[in-house]
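To keep things clear, I will list the structure first and then write my remarks on it.
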Amino acid sequence: MSLIALGINHKTASLAVREKVAFADHELGEIMAELAEALHQSEVAVLSTCNRVEFYVSSDQQTPEQLREQLLHWLQVKKQLQEDLHSAIYCHDEDKAVLHLMRVASGLDSMVLGEPQILGQLKASYQKARRAGTIQQVMERLFQKTFSAAKRVRHETDIGTNPVSVAYAAVSLAKHVFADFSKLTVMYVGAGETIELAARHLQQQGVGKMIMANRTLANAQKLAKEFEGKAIGLEAIPHYLSQADIVISSTGSMLPIIGKGMVEQAVKERRRRSMFMVDLAVPRDIESSVGKLDDVYLYTVDDLEGVIQENMQARQQAAEEAEHILRDFSEEFRQWQQGRQKHDTVRELQQKYSDIANNELQRAKAQLANEGDPEQVLEQLTHRLTKKFLHQPLVWLRKDDDKVDAHEVIRKLFDLDE
């Protein structure tokens, strides 16, 4: 059995590259089903967030190298990519793939060390994979073990202390532009967990007014009710944008929602008052050319990394403790996997020799039915069975293999020293 974790993230690729390989949330189930079929019915799960796109694949039929090349080819064709992704892609197999998934779930591989949002995103991807039918015994066990590991890390270390997240970093950056939040109006585009976190942080800073914009108005209304803001649909953004001193956007849209012309008009209506914009989405919600406008400060997820690093030192010790916990859970999964493989081997071995014995038994019955001499038939039966049962071990024994002491293995296997 082969297991790989292949991906691209904020450490290996720029935002411009990441957004080209990202998948919209609503298409993940279909994507996983398509990929599982392309990889010859492998088990598949896909995680796509603003900072990473990762594929977790388990197969009984192919090697890790085969899975890697087939997956890369599928991705290049699916996304119609002109670039060679090899330099940006990382690929872990077997035990390293298990540990990588557990590190991701625990926030140890995130831009924000220990951030909790990634676990929720991973659980959502897992549920989509289950509904798509692309998770079977191995991946089911792996994800359950991973979720248990992440829970243990969260409860037994201080990895979650000192609130640090992409949303928190965005608010920290805004403090460098605005001294007083009480008179500011903030527009949030999207209604997911990141937007909710940003709204909570800014509410704590005493922000004056909030506008919640979302494609589904009901979701915007839900957030607006919680934070005493105004809910609007995405189509209303041009009418309200000039009111916003701060714009924070994080949706799953595959195309930009806010364009340069829209912002240019808003800045004119604001009479050149500064506008602070943070685009946390991948692909981007705000056209990159907006950043070239006067009086507009546009930041993306990549720009926030410097801010985030200031808050990391307090979590380093907790991260080291977490690594020990994850290694224990990874070892537990490895032992389960070995036990499963041994069970499969025993079952296949029993089936193989049962088939041989049954074929020879049917042959002997046919001979007896044709009035063959019973004693001779039995002698031939035992001779053929002995020959066929020992054929493969004897072939292996005669091979010249420096890596394995075949003679010693055979003597132990057949208990020849007793």
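A Cβ is built for glycine as well, from the same backbone N, Cα and C atoms used for every other residue.
Curation does not apply to TrEMBL; its annotations are automatic.
Some features that TrEMBL has for this protein:
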- C50: active site, nucleophile (ACT_SITE)
- T49, C50, N51, R52, S110, E115, P116, Q117, Q121: substrate binding site (BINDING)
- G190, A191, G192, E193, T194, I195: NADP(+) binding site (BINDING)
- H100: site 'Important for activity' (SITE)
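Rounded to a whole number, the C-alpha distance linking H100 (site 'Important for activity') with P116 (substrate binding site) is 16 angstrom. G190 (NADP(+) binding site) and S110 (substrate binding site) are 22 Å apart (CA-CA, integer value). For T194 (NADP(+) binding site) paired with the residue listed as 'active site, nucleophile', the C-alpha to C-alpha distance reads 10 Å.
In this structure the alpha carbons, written CA, of I195 (NADP(+) binding site) and P116 (substrate binding site) are 14 Å apart. Here the Cα atom of N51 (substrate binding site) is found 15 Å from that of E193 (NADP(+) binding site). On its own chain, G192 (NADP(+) binding site) has S250, T251, G252 as residues at least 6 apart in sequence with a Cβ closer than 8 Å to its own Cβ. Long-range C-beta contacts of A191 (NADP(+) binding site), restricted to its own chain and to partners at least six residues apart, with a cutoff below 8 Å, comprise M212, N214, T216, N219, A220, K222, L223.
Comparing the binding-site residues P116, G190 on other C-beta atoms within 10 angstroms of each C-beta gives the minimum for P116. Same-chain residues with CB within 8 A of the center of the T49, C50, N51, R52, S110, E115, P116, Q117, Q121 CB atoms, the substrate site residues themselves not counted, are G107, M111, V112, I118, V166. Between the CA atoms of P116 (substrate binding site) and E193 (NADP(+) binding site) there is a gap of 10 Å. Cα of Q121 (substrate binding site) to Cα of G190 (NADP(+) binding site): a span of 16 Å. The Cβ of E193 (NADP(+) binding site) lies under 8 Å from the Cβ of Q117, G120, each of these being in the same chain and 6 or more residues away along the sequence. For the NADP(+) site, the Cβ centre of G190, A191, G192, E193, T194, I195 serves as reference, and the other residues of the chain with Cβ at most 8 Å from it are Y188, E196, L197, A198, S250, T251. Around the Cβ of C50 (active site, nucleophile), the same chain contributes V166, T194, S250, L280, A281, V282, V301, each under 8 angstroms and 6 or more positions distant in sequence. Note: the Cα of T49 (substrate binding site) and the Cα of G190 (NADP(+) binding site) are spaced 14 Å from each other.
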